[in-house]
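Below is one structure; the comments refer to it alone.
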Amino acid sequence: MHSLHRGLTGVPLWHPQFPAIPHNWIPPVLTQQYACFGNEWYSRKRAVMFGYIASIVLGLVSAWLPILSIILVARFCLGALQTFWNSSLILLIEVMEPKRRTFAAFGINTVWGVTLILYGGLGYLIRDWRILQTAATLPGLLILPALWLIDESPLWLIVNGRPQEALQVFGKVARWHGVDLPPEAEMKKLVEEQAAESQNTNPKRSSMGSLLKSFVDDVVILLKTPRLRTITLIIYFIYIVVAMVYYGLSLSGASISDDPYLYLVLSGLMELPAYIFSGFIVQHFGRKSSLSFSFLITTAVLLAVAFTPAEYSTTLLALAMVGKMTITASYQMIVFFSSELFPTEVRSRGVSTAVMMSCLGSMGAPFITDLVGSMYPWAPFVIFGSGALLAAAGTFLLPETQGQVLPDTVAHLEARERRCVAVFIFFLFSVSPSLSQSTLYRMSLSTLFLLCYHEDGMFSLCLFILLCFIIN
């Protein structure tokens, strides 16, 4: 608000330390559900087209509005449209085969790092905020012709009971790539069976008049079943933390560097390796291991920043840039990871509500950097580092999705095999049969059972071994 007033009075509105404050945080919290309804009711493609077209129009119009109150409304609406941009990632994930979707999803985010670098340079050269916003928005016109060339997600068509249209999309893709599909009758039968199964677990909504009821239903379905509930709550927490740390570092330019324009350019430059190499990392080392390791590095770097004396300015800037790179990598990994974890029928709702939760972290970041940081300069980095450590721990409770076929329905997700529960329980009794009646033993066994029930990986095995040592 203060920076916007200054822009209207002749001082540049935009300041690189505050790239998202005017409009990007509060509106998505209020509008994420409308975006996810648009994805589920009116298709992925329509949501993508609406989001981009409306953003370009509002971006150009709001740059030249004369009245402060109208500018604020326009900026609020522009921030709300941010929620529709996630539709493009969801559409991309659903049309790519598993071995290619990693690099495709991470590749499109590289543009964000380039944009930060260009925006820092533009902000230095163009001090009039109206001209700056116009110059930053005009390149969006280049994407408009491409919007009419994309196809609807065949997974969305199947889940929403439109198998014939899904077959047409499959046929078009096959012609473009010069491959042969199975016989038409076989394809039709397979698609129709999948559509019928999806319809049994995904009832249609009658009208927009039932928006409130649908919102409640959507929240309930994400928390109703054990595996999906675990995934949803952990994803929410990680999104809050990763957004808080990312924007917290973005807003810490004044305490780390004397030149905010340079800080923004360096931030964008350090984000490029995160975008470029994150895809290769998660492809070779898996989603869980890569994400947790990235959070742990972020923790170490931020704690180092917190306890590095201010006179070592170059060291502080270098550590901050490493932290910006690793938290950016974490951000990209969790966005990609979450889009694989949620089943098709609730994927848009799951990702949209997760992004909504991330806005809570974004809104909290300036209060931590400005209010807490003004009293204790080291405290924000301790908070951010501790949050990253907790996010790393939460990552271990998520199932690995590398090389897995995306689940179409909640039923598919819940039906996936729980690994090794019986083996763990049998081994636990074998290791310490004399303690099988003790309270500690039963509590440990219950904890292990719950972790194995919700999780499938090495974390449960490590905890199991630790419990065996504690018990004995």
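FYI, residue positions are counted from 1 along the chain as it appears here.
Heads up, the Cβ atoms here are built off N, Cα and C, so glycines get one too.
Please treat TrEMBL annotations as automatic predictions, because they have not gone through curation.
Feature annotations, courtesy of TrEMBL:
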{"type": "DOMAIN", "residues": "1-403", "note": "domain 'Major facilitator superfamily (MFS) profile'"}
{"type": "TRANSMEM", "residues": "47-67", "note": "transmembrane segment"}
{"type": "TRANSMEM", "residues": "105-125", "note": "transmembrane segment"}
{"type": "TRANSMEM", "residues": "231-249", "note": "transmembrane segment"}
{"type": "TRANSMEM", "residues": "261-282", "note": "transmembrane segment"}
{"type": "TRANSMEM", "residues": "291-310", "note": "transmembrane segment"}
{"type": "TRANSMEM", "residues": "316-338", "note": "transmembrane segment"}
{"type": "TRANSMEM", "residues": "350-369", "note": "transmembrane segment"}
{"type": "TRANSMEM", "residues": "375-398", "note": "transmembrane segment"}
{"type": "TRANSMEM", "residues": "419-436", "note": "transmembrane segment"}
{"type": "TRANSMEM", "residues": "448-471", "note": "transmembrane segment"}
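Long-range contacts of the transmembrane segment (375-398) within its own chain (CB-CB distance under 8 A, at least 6 residues past either end) are made by residues 230-231, 234-235, 237-238, 241-242, 244-245, 248-249, 252, 255, 287-288, 291-293, 295-296, 298-303, 305-307, 310, 327, 330, 337, 341, 368-369, 451, 454-455, 457-459.
Among 105-125, 231-249, 291-310, 231-249 has the largest number of CB pairs under 8 A with the transmembrane segment (350-369).
Cβ atoms under 8 Å from those of the transmembrane segment (261-282) belong to residues 16-17, 19, 102-103, 105-107, 109-110, 112-121, 123-124, 249-250, 253, 290-291, 317, 321-322, 324-326, 328-329, 332-333, 336-337, 402 of the same chain, restricted to positions at least 6 beyond its ends.
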